[in-house]
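The structure under discussion appears below in the form of structure tokens.
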Amino acid sequence: MAADRQKTNNKPGKPGGKEAQPLIIAKTPAEEQRLKLERLMRNPDKLAPIPDRPKEWNPRAPPEFVRDVMGSSAGAGSGEFHVYRHLRRREYQRQDFLDKMAEKQDNDQDYLDKVEQNKQAAEDRTAKRRKKRDKLKQKKMQAKKAKLEAKNKKDDDGDKSSESSEEEEKEEEDEREADDDAEAPSFIMGRK
């Protein structure tokens, strides 16, 4: 009996029919989302359907040639008012659409201009700070060179007392610590 109910597939390499899936009705949006994800993850090799973006509404273009022009010599019938009203409404929609498109283009251009200005201002600030850093580096290098020259000059004189050498060593250590403090981030040193 069970064999009668089961579908038989005569094609080689293909399994029998699909498995019966229980019907689950989602009661909440979260559950509906979960069910969709589970269905997608059953076969991860299959591409997920991605819907196209909805097309933007465009008004119908005005007609090239108007065949049913209303004349002014005779009185208009009772139905002509509705035709006129419909044409007027459609023309107002078209004008509103054109105004909105022009405004959108202006806003987009303003945004691009502002982005460009912000980028230029950021580059200017970066250049100014780079110049300042380079200036400080040059000052430090000159101070080191001057210090080394003074030290070499004192070494050449040979009239060094033990006290002055101890003081110089202490000053060098203080400068090294100050350089290390300047290079270390402020949160390491406990400063705010």
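Note that the numbers count up from 1, one per residue, in the order the chain is shown.
Note: Cβ is positioned from N, Cα and C throughout, glycine not excepted.
Per TrEMBL, the feature region 'Disordered' maps to 1-27 (among others).
Annotation source TrEMBL lists region 'Disordered' at 39-86 (among others). In terms of DSSP secondary structure, the region 'Disordered' (39-86) contains 11 helix, 0 strand, 37 coil.
The feature compositional bias 'Basic and acidic residues' is assigned by TrEMBL to 98-126 (among others).
The region 'Disordered' annotation in TrEMBL covers 98-192 (among others).
Taken from TrEMBL, the feature compositional bias 'Basic residues' applies to 127-145.
Annotated compositional bias 'Basic and acidic residues' per TrEMBL: 146-163 (among others), in sequence order.
Among the features that TrEMBL reports, compositional bias 'Acidic residues' is placed at 164-183.
Sorting the compositional bias 'Basic and acidic residues' (98-126) by DSSP state (H, G, I as helix; E, B as strand; all else coil) yields 29 helix, 0 strand, 0 coil.
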